[in-house]
Every structure is written in C-alpha cells, then in structure tokens.
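The ATP binding site annotation in TrEMBL covers A:K105, A:K145, A:E184, A:E185, A:L186, A:V187, A:E192, A:N270, A:E271. If you look up TrEMBL, you'll see A:109-300 marked as domain 'ATP-grasp'.
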There are 2 protein chains.
Amino acid sequence: MGLETGSIRIGVIGGGQLARMMVPPAIHLGLRISVLAETEGSSAERAADVVGDYRDPETVYAFADTVDVVTFDHEHVPQEILHELERRGVAVHPRPGALQFAQDKILMREKLGELGVPVPAWAAVSDAAELQRFITEHGGRAVVKTARGGYDGKGVRVVSDAAEVRDWFTALAEDGHGGQLLVEELVDFTRELSQLVARRPSGETRTWPVVETIQRDGVCAEVIAPAPVATPATLDEAARIGAIVAAGVEVTGVLAVEMFETRDGRVLVNELAMRPHNSGHFSIEGSVTSQFEQHLRAVADLPLGDTRMTAPAAVMVNVLGGPAEGPMPVRYAAALAAHPEAKIHSYDKQPRPGRKVGHVTVVGDDLAAVRAAAQAAAAAFD
Amino acid sequence: MGLETGSIRIGVIGGGQLARMMVPPAIHLGLRISVLAETEGSSAERAADVVGDYRDPETVYAFADTVDVVTFDHEHVPQEILHELERRGVAVHPRPGALQFAQDKILMREKLGELGVPVPAWAAVSDAAELQRFITEHGGRAVVKTARGGYDGKGVRVVSDAAEVRDWFTALAEDGHGGQLLVEELVDFTRELSQLVARRPSGETRTWPVVETIQRDGVCAEVIAPAPVATPATLDEAARIGAIVAAGVEVTGVLAVEMFETRDGRVLVNELAMRPHNSGHFSIEGSVTSQFEQHLRAVADLPLGDTRMTAPAAVMVNVLGGPAEGPMPVRYAAALAAHPEAKIHSYDKQPRPGRKVGHVTVVGDDLAAVRAAAQAAAAAFD
C-alpha cells in the first residue's frame with residue numbers, strides 16, 4: 001500500500017463532484033489522488049490526470065496500474081472489469097461483491113431480505129400482468145424502478161397502471177434480469193432519513209448521526225443533521241440498520257443507507273449508495289471527519305476518524321442550476337456578502353436545469369437559524 | 001476578474017505548504033488555482049501547473065498572463081518584478097507597496113514607527129561600533145537581524161558582542177541598506193501573540209481571535225487559539241494593533257502581526273507576514289473561515305467570511321521532521337488510530353531535521369484536553 005515507503009496513491013474512477021470533494025482531504029492527509037474522468041472540464045478536473053471511458057477495460061486497467069487502490073465517484077463500472085482488476089491484484093474498494101448491491105436494485109432487495117432488514121413490500125416482475133397484480137394488491141399505486149442505472153429520480157416512476165412502464169419492459173428485455181422490473185409499495189412516510197457508515201477492510205466501522213433528507217422532484221434538496229425525528233428510537237433503529245447493512249454487504253468505504261420513517265413508526269430501507277453521498281456533504285464542516293476524508297481513510301485501510309458533529313446543527317442546501325444563470329461565481333459577491341457564515345461550495349460545472357452545481361452548508365447551535373441561513377444563502381443562486 | 005463570466009483564476013507564486021493549503025478552499029469555492037513552484041515535487045505539486053524561478057522576470061510575467069490575480073506563498077519576489085506586473089495591468093495582492101514592509105525589516109520598523117505602533121527599541125546600525133553602543137545601552141545583550149531574507153529564526157542572532165555578526169556586516173555591504181543591520185532590545189516577554197487580519201482591496205477587514213504562538217529554537221512549535229492571556233486588555237490591544245497595521249500598510253490578503261506580551265503588560269510588534277501564516281493553521285478546522293479561504297477571497301476581492309471560532313479552543317502543533325523517519329505517512333496508522341479526533345496534515349515533503357513537514361490540529365471545548373490531544377497526536381511523528 002505504500003504505507004511504509006511514502007504516500008498512498010488513490011485512484012478515483014469518475015470525475016464528478018464526489019471525486020472533486022475527495023481532493024481537499026487527500027491534500028490535507030498527504031495522500032496522492034488521481035481521477036479517471038469521463039470528459040475534459042469535469043468537476044474533478046483539478047485532479048483529472050486521466051480522461052477516459054470507465055467502460056473500456058484497457059483504460060481502467062492502465063489507470064489502476066498507476067495507483068495503490070481504486071475507488072469510485074459512481075457505481076457504474078461493470079462487474080467484469082472490477083473482477084478482472086481484483087484478479088490482477090489491484091485493491092478495489094468497495095469490492096465488486098459489495099458494489100453489486102448498489103448497482104442492481106433487485107439484488108439489493110434480495111440481500112436486504114437475507115439480512116432481515118425491514119424494506120417496503122416489493123417484487124421483481126417480468127411482465128405487465130405481474131406488475132398489475134402487485135399494484136392492485138398494494139392500494140392501486142406503486143413505485144416501479146429499473147434494476148440498474150437509476151439515480152436522482154431517474155429510472156423511478158410512480159404508476160397506477162402497468163402500461164405506464166411498458167417501454168421499460170421492452171427496453172430491458174436483454175438485461176441481466178431478462179426484463180424484470182422492481183416494484184415496491186408506495187410507502188406512507190413522514191420523512192426520509194439517511195444513515196452514513198464508513199467501513200474499513202479490517203471491519204472497523206464508524207457511523208455519523210442520522211440525517212433527514214428532503215427531496216424535491218426526486219432530487220435531494222436539503223439535508224438536516226442530525227435528523228429532527230419524533231423519537232430517539234427512530235435514530236437507534238436507523239443506526240442499527242446501517243450497521244447491519246454495512247457488515248452484511250461487507251462494504252469498504254462510505255455507505256449511505258437511505259430510509260423511510262413511516263407514519264406508523266417503522267424504518268424501511270429505500271436505497272443504498274456505496275460512495276460519499278449527497279446526504280453526507282454537511283459533514284465537510286459539520287463533522288470532525290468528513291465523509292470524503294473518511295472514504296479515503298477507509299479505502300486506504302487507514303484508521304477511521306471521529307464522526308461527531310462539530311456543532312449541534314448543520315444544514316446543507318443543494319444549488320440546482322437553472323439555465324440562464326451562468327456558473328455559480330456570477331452570484332458569489334452578493335451571496336458571500338450577505339452570508340459570511342455560509343460555506344459555499346461550487347462544483348465548477350456548467351448549469352443545466354435541475355443539475356447539482358453546488359451546495360451551501362451552515363453549522364451552528366440553533367437549527368431554525370442555521371436552516372434559515374443555509375436556505376437564504378443557497379437562494380442567492382436561484 | 002472573471003466574476004461576470006466564470007471562475008476566477010488565482011496564481012500563487014511559491015510552491016510550499018502555504019500554496020498547498022490554498023488548494024482545498026479554492027476547490028470548494030470553485031476558484032481556479034495554479035502555482036508557480038520552484039521545483040518539481042514541491043509541497044503544492046498538486047496545483048503546480050508551472051515550475052520556474054520566481055526571480056526570473058519572464059517566467060513570472062508568463063505565469064501572470066494565465067491568471068486573473070497573482071498572490072504569494074512567500075515574500076521573496078523582487079520589488080522590480082512586482083512593480084512591472086502592476087505596470088502591465090496585472091492584479092497583484094498584496095501589492096508591492098505593502099509587501100516591501102514584509103520584505104525588509106528596517107522599512108517595516110520605520111513604517112510601524114510612523115503608524116505609532118508600539119515596537120521594541122531598535123536601530124539600524126552600519127558598523128560594529130554603532131551596534132556595540134546599542135548593546136551596551138540596552139543591558140548588554142540585543143537581537144540582531146538582517147533586514148532581508150530571514151524567517152524561522154534564520155537571519156536572527158542574540159548577541160552580547162558586535163563581533164558576533166561581523167560576517168553579516170561584510171556579506172551585506174552591497175544590499176539596499178549598505179550593510180545596515182537591524183538591532184533590537186531583547187524583550188522580556190511572557191508570551192508571543194499573533195493577530196491575523198484579512199483585508200480586501202476595498203478595505204473590508206476581518207480579524208481572527210488573537211492566538212498564542214510557542215516557539216522552540218526560533219521555530220513555531222505550537223499555537224493556542226484563542227490566546228490564554230492574563231487580561232482581556234491584552235487581546236484588545238493586539239486586535240487594535242493588528243487593525244492599525246493592516247490599514248496602515250494597506251495590505252490585501254492575510255496579514256500576520258507577531259507580537260510580544262511583555263512582563264510589564266505592554267504589547268510590542270515583532271514581525272509582519274503578508275500571506276497565510278503558521279499561526280493561522282488552526283483556522284482550517286478552528287474557524288468558520290480558514291485563513292487560506294479568506295486569503296483567496298481577499299485577493300480575489302470577494303466578500304470576506306466569518307472568522308469566529310468553531311469551538312472554544314483549538315491547538316495546532318507543528319510536525320518538525322527528523323532525518324531518520326521517512327515521510328509522515330509511515331506513522332499514519334498508529335497516529336490516526338490513537339487520535340481519531342486529531343486532524344493530521346501532511347505537506348508531502350521529504351523530512352529534514354527541524355523542517356516543517358506537517359501539523360496536527362485538535363478543536364474542542366476544554367483547552368487542556370485539546371492541547372494534550374494535539375501534542376500526543378503530533379508526538380506520534382517524532
């Protein structure tokens with residue numbers, strides 16, 4: 001690993017804002033980081049030593065030869081490539097055997113079932129008739145998801161009639177599940193929670209406080225840390241589930257377990273992400289050890305850091321870029337002048353409607369004041 | 001400045017750890033940063049787009065052409081080059097008219113006198129006889145400094161006989177002061193303080209809490225924030241002096257004013273630095289806005305951030321590299337495991353005796369506990 005001779009070299013596949021935000025803690029820790037980015041001008045351009053396609057095996061193998069450990073900004077690298085990397089002796093974290101559960105929602109649901117973790121009622125359905133039966137049995141509406149490739153509301157539809165996803169059955173007939181879709185009950189939830197966990201290859205595990213995530217149009221809009229839940233039992237249950245999942249799938253690096261708190265007091269797992277996650281951006285300022293630093297420590301198999309909050313409350317608000325705005329710095333002067341306490345993060349991305357181009361975090365003692373400040377500072381970029 | 005059209009490009013002359021630590025906040029703020037480093041493999045290598053000699057005018061002018069504003073990791077760029085940059089329309093911060101007072105200790109003492117700021121008794125002496133007279137008049141011992149080029153104890157000698165600096169008179173006969181040396185009374189101080197100030201071209205100024213700096217062998221060993229002084233009047237006086245100096249020299253960027261608290265309760269200015277400074281490293285975790293982020297904001301003429309502490313106490317301990325140790329990461333696993341609350345910073349430099357190769361900061365509620373933790377974590381690298 002280079003631990004005995006010098007700096008550890010970490011290679012990140014994917015050049016988005018998650019890779020970008022790994023660079024600051026790598027600099028502070030004295031780790032070397034390089035990024036395999038899809039395009040020139042990507043968010044992690046600072047560290048984008050290599051530009052290339054992560055679906056091209058030779059590109060990935062050549063990149064891996066230059067580093068001590070390979071990790072990820074996204075979960076899209078094909079399993080065949082990941083397994084071949086391990087056959088070649090490359091340290092890959094998270095390992096393909098864990099990553100498959102973040103890549104495939106049907107495998108994930110099966111695994112969570114094995115682990116005894118509470119999930120919404122679900123089925124893998126092969127045709128419209130099976131789907132319609134599930135919808136009818138679960139109140140006339142249900143959530144349909146493609147097993148692969150969905151994120152931020154993509155690959156997810158709420159339907160009342162199987163015909164509404166006929167295109168997916170057709171398009172996915174050739175995939176690993178033979179066209180199967182995942183269908184789930186529409187959960188009557190009071191709020192969405194996220195439990196971040198970091199786990200080293202040795203098994204050392206640290207969890208952050210459970211946070212509340214507020215979605216708008218299927219995209220994370222705001223994160224409140226810690227989550228202002230109705231009862232402490234909910235936090236305990238979320239933390240318990242996070243620990244079971246992290247150990248059960250043997251994740252290495254950061255795992256985000258997204259959950260519903262139901263109206264009747266249960267906690268159900270919705271999604272898994274095996275990388276730093278939007279619900280953990282608050283931790284850059286809000287935790288002693290950020291999710292980005294912790295991910296690097298975990299994949300480099302270094303001891304994990306303290307995850308306590310640095311203040312009683314932290315709120316993160318995403319900046320979702322509209323078309324006419326230009327890059328975030330256009331509005332910087334006004335936003336910084338009005339909100340000296342706000343930490344403004346720009347991903348240096350060209351704006352597109354709904355695109356995550358940055359975020360704002362405020363940390364402090366009083367949740368209401370912190371939240372109002374974070375929302376106001378982010379609104380400067382609307 | 002690019003504010004209206006996209007990201008501001010900041011060029012840093014000098015590739016040491018100060019430039020290196022400007023990179024993380026540049027990434028977070030979405031600013032583009034590039035570094036003119038002296039050598040390949042410098043501490044700021046991550047951002048070292050250009051390697052070249054800062055004393056070579058054409059190298060500096062070509063570098064300046066690629067950025068919107070030029071700033072510095074050190075104060076050694078010659079005045080002629082700085083003035084020519086300004087004649088060419090380049091934004092240079094701090095400006096040469098301010099920087100001269102950090103480059104030349106005799107000019108600095110003259111300027112502080114003009115500003116009415118309390119300083120130790122001093123003289124500019126041209127020969128051994130003048131120096132001996134000062135020594136005799138000030139208790140038989142005095143501090144002699146070269147006007148230029150000193151830092152971290154270099155260019156500073158405590159002497160009781162003028163003969164002890166005969167080599168300096170000879171060597172410096174050709175310099176701007178015709179061989180003059182600065183001599184100062186040996187101040188009977190109880191502690192050393194540092195006041196960090198940031199100032200924008202517009203004049204907007206923000207100060208951090210006054211810190212105590214603890215030197216060993218003329219090198220900063222430890223910084224305690226805020227300074228545990230005997231009376232609040234000392235803090236007020238240090239802050240007052242910092243504000244007078246910042247406005248008086250019209251600094252842009254971060255200014256560190258190093259001061260003595262004397263046994264009889266006065267505060268005297270010792271040194272000035274016009275860049276982020278070792279006494280401000282605590283602010284990365286200990287302040288809402290770090291000195292590195294603030295320096296970027298100031299030199300880019302963006303509004304300044306909140307400088308409040310994130311916790312009641314922060315302690316920074318330097319890691320001074322011995323010869324037999326190898327790079328810091330060799331000791332990482334043990335240090336991180338024993339001190340999950342410590343923030344360990346490695347500058348990715350090869351160790352040499354006494355060389356600053358990194359630092360450790362701990363932040364918390366109880367100063368004694370915080371200090372013990374920071375010292376213990378740093379000691380892991382001894």
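Every residue gets a Cβ built from N, Cα and C, even glycine.
Because the structure is a prediction, the values reported are computed rather than measured.
Taking the features listed in TrEMBL, we show where each one sits on the structure.
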residue	record	Cβ within 10 Å
A:K105	ATP binding site	25
A:E184	ATP binding site	21
A:L186	ATP binding site	17
A:E192	ATP binding site	21
A:E271	ATP binding site	18
Longest CA-CA distance among A:K105, A:K145, A:E184, A:E185, A:L186, A:V187, A:E192, A:N270, A:E271, per record bound to ATP, angstrom: 18
Per-region confidence, the domain 'ATP-grasp' (A:109-300) (mean pLDDT, whole number): 93
Where A:E192 (ATP binding site) falls in three-state DSSP terms: strand
Conformational class of A:E184 (ATP binding site) under the three-state DSSP mapping: strand
